[in-house]
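**Q** Got a structure for you, questions after.
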Amino acid sequence: MKRIVIAGTSSMVGKTTISTGIMKALSKKNNVQPYKIGPDYIDPTYHTEATENKSRNLDSFFMDKLQIRSLFKKHSKNKDISVIEGVRGLYEGISPYNDIGSTASVAKTLNAPVILLMDARSLTRSAAAIIKGFKSFDTELNIKGVIFNKIRGEGHLNKLKEAVKYYDNEIEIIGAIPRDEGLSVSQRHLGLVPTPENKQGLLERIDLWGNTVEECLDIEKIVELSDKSFDFCVDEKNKDETLWKVEKNNSKIAVAFDESFNFYYWDNFDAMEENGAKLKFFSPLNDSEVPDCDTIYLGGGYPEIFSEKLSENKSMIDSIRNFDGKIYGECGGLMYLTNSIDGKEMLKLIDANAVMTPNVQGLSYVKGTFEKDCIIGEKSKEFKAHEFHYSKLININENDFSYRINRGKGIINSMDGITSKGGDIVGGYAHQHCIGNPYFAASLSKI
């Protein structure tokens, strides 16, 4: 299986722009499977638009090595090449002492060649030192190439090439991207702006990234390097092991999916469908009522940006308030379930108020334990998740929580998963993944 990892020397070096551009350029002649290392929701939306294949997350905190390999094989088996965008710097993970949660960890697990991406502003000889340092830090990694971003011009590139080749004649110089503010992408408090808000503008930007990559990088060299990757196999003893719990049901799950709610892992949807669920997508912003279903799934997103329009859609609010099935709200979905977001009236199904703050309220990988059976898990079972939010809940008049947070923050006092309506409604800040919480899809899909 051809595969390549695009890894940064740090955050903010242009990983998403250039990785997406590479995916777009390769997609003109290849069936490309995109991946994002880490728990991010937003970068995969760019990958998906560039390749027309759903981008998947690979994460060595949520997943063990066998699960990473199994998931990779599941999605890459019929593809020509897989392009894997890293997270932060190559070696950044959850600890300064190991590589769990890092790009390096996933690259080693998949025996994937790595192309190092660096911001080359004001660098010449130091670029060689950076490359040598990254290569020698962990010799199990297969760092095969380098891309220079934000170069000043041809003279700058020539000096970079001379310096790097003088000290490391084996590294492949894939090319260089010039400084151009037009190539940058908007930022918002959770990272990059999600795509549904400006679809046409985004498609034009992705075309620009793809064209720039074709002009400035050696695409054939990227394919050549990926072709040299080592093969690997899933342990035969575990080849029938499922990645998540499966209990066949015939439930209908209504999934909120629009500009305000779009933070979802596609593998969660796959897991729900494997559990027999039929997914129905709807828009809390634009539709008048929730579709016929057994369960409503309100994912994360930016409801605070659209709070006025959400509040004004009274028919949808009434439809959800009168719904007599199960409702799960996650982060942004939790906020929508409360009485209000920054004073704008919401569903009033959880007695608390959501407010935005200027500072991050929760940013962490999460470990938790279910205190009871609930609509997304089973009592005493442990799970791994992720949280990243600038909002917090105040005036909390609920005291029933479904899970305890052992690593991370949660809603209050290390508790998360506020439960109401006799357990039929659960709202939490922890973003659940069907492998980090293998009971998630089966529990949510129950009738």
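Note that Cβ sites are derived from N, Cα and C of the backbone, with glycine treated the same way.
From Swiss-Prot, for reference:
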type	residues	note
ACT_SITE	Cys331	active site, nucleophile
DOMAIN	252-439	domain 'GATase cobBQ-type'
SITE	His431	site 'Increases nucleophilicity of active site Cys'
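Map the listed features onto the structure and describe their local environment.
**A** Sequence-distant neighbours of Cys331 (active site, nucleophile) (same chain, 6+ residues apart, CB-CB distance under 8 A): Phe263, Gly299, Gly300, Gly301, Glu387, Phe388, His389, Gly428, Tyr429, His431.
Cβ neighbours within 10 Å of His431 (site 'Increases nucleophilicity of active site Cys'), excluding its own Cβ and spanning all shown chains: 23.
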**Q** Let me know the model's mean pLDDT on the domain 'GATase cobBQ-type' (252-439).
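**A** Taking every residue in the domain 'GATase cobBQ-type' (252-439) and averaging pLDDT yields 97.
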